[in-house]
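> Before we start, here is the structure in question, set down as C-alpha cells.
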Amino acid sequence: MCSSIRIEPVVKEKNRMGECPVWEEREDALVYVDINSQKVCRWSAATGQVQSVAVDARVGSVALRQCGGYAIALGTRFAFLDWDTQAVTTILELERDKPNNRFNDGKVDPKGRFFAGTMAEETAPGVRARRQGALYTLFPDLSVIKQLDQVDISNGLDWSLDHRTFFHIDSLAYAVHAFSYDVHTGKIACPRLVYRLEEEEGMPDGMCIDAEGKLWVACIDAGRVIRVDPETGKRIQTVRLPTPRITSCCFGGKDYAEMYVTSAYDGLDEATLAKEPHAGKIFKITGLGVKGIPQNFFAA
C-alpha cells in the first residue's frame, strides 16, 4: 500500500504557523489558518489560488458554518467571519484574566457544536506557564461550557465514527487521550490513554479521523503524520513529509481520498530554514488507501 503514496506541496505560499485545515466541499477549497500571521486562508483546488482575511489577533482555528462563512477562535474569543465582507463579529470573550492565553485548535462535533481549546503563549523561547489552558464548547445557541481545565496546549481533536468517544491531544502530555462522549449533551468524561508518542515522533499537534476509525496525528518537529488504531493503542503507519514542523491534517478532495497537511516555518532558525525550502507549505498526500469523512458544520 505504501508504495503508491505521493506527497506534493499544493499551497506554496509559506505559513508562519499553518494550522487547522478544513475541507470545504461546497467551495472545492481548503480553509486553514496561519496563527502567527493572524490570517484565515482559503486555497481553491480549481485555481490553486489562496485568498486570505486578516484578523486582529492570533487565530487558532476555523470551522464551517451551515449558512455560509465561518466560526473562528481567535485571541481568547469566539467569533463569526463573513468571508465576503471580511467582517469579524465577536460572539463572546473568555479568559479575560489570562492575557497571555490564546485559542488553539478547534473542530465541530457531530451535532454542530464548536469545540476549541486554549493555551498559554511562550514568554521566552521554550518558556510558558503550565496548565493555563482549557477546552471549551460553543453551542449553537452561543452559550459556552468549559469541558477541561489545567490543560497545557489544547490541540488535535475528533470524534469516533459511532459518536461515543471524543479524542483529544494536550501536546505537552505527548499523548492522545479518549473520553466518553454524550452526543446528546456534548459532555465529555472519563479520560483514558489511547497512545503515548515515542521519542522520535516528537510532540503531537493536530489530528483527524479516517473512515475506518483510525486517528492521524501530526507530529510537530518530527516531520511526519502517524496513523494510530485507538482500539489497540498501536501505531500502524508513518508517513514522512519533506519538512520538520508538521502541524495538522485533514482529509478532503474528491471522495475525501486526499489528505492535506499543514506546516510551519516559525520556530526554525535561519540555518535550518536555509535547508528547509518546504517549511510552511501545505502538502497533499494521495494513495493512502483510506478516505476521510466530511467536516461538520457549526449549527448557528
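Glycine residues also receive a Cβ, built from the backbone N, Cα and C atoms like all the rest.
Positions annotated as active site, proton donor/acceptor by TrEMBL: Asp205. Residues or ranges marked as divalent metal cation binding site by TrEMBL: Glu19, Asn155, Asp205. According to TrEMBL, the substrate binding site annotation covers Arg102, Asn104, Glu122. Taken from TrEMBL, the feature domain 'SMP-30/Gluconolactonase/LRE-like region' applies to 17-264.
Help me understand the surroundings of these features in the structure.
When averaged over the domain 'SMP-30/Gluconolactonase/LRE-like region' (17-264), pLDDT in the model lands at 97.
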> Whole-number Å distance between the CA of Asp205 (active site, proton donor/acceptor) and the CA of Glu19 (divalent metal cation binding site)?
9
> Measuring Cα to Cα, tell me the gap between Asn104 (substrate binding site) and Asn155 (divalent metal cation binding site) in whole angstrom.
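Asn104 (substrate binding site) to Asn155 (divalent metal cation binding site), Cα-Cα distance: 6 Å.
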> How many Å separate the two farthest-apart Cα atoms among the substrate-binding residues Arg102, Asn104, Glu122?
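13 Å is the greatest Cα spacing among the residues binding substrate.
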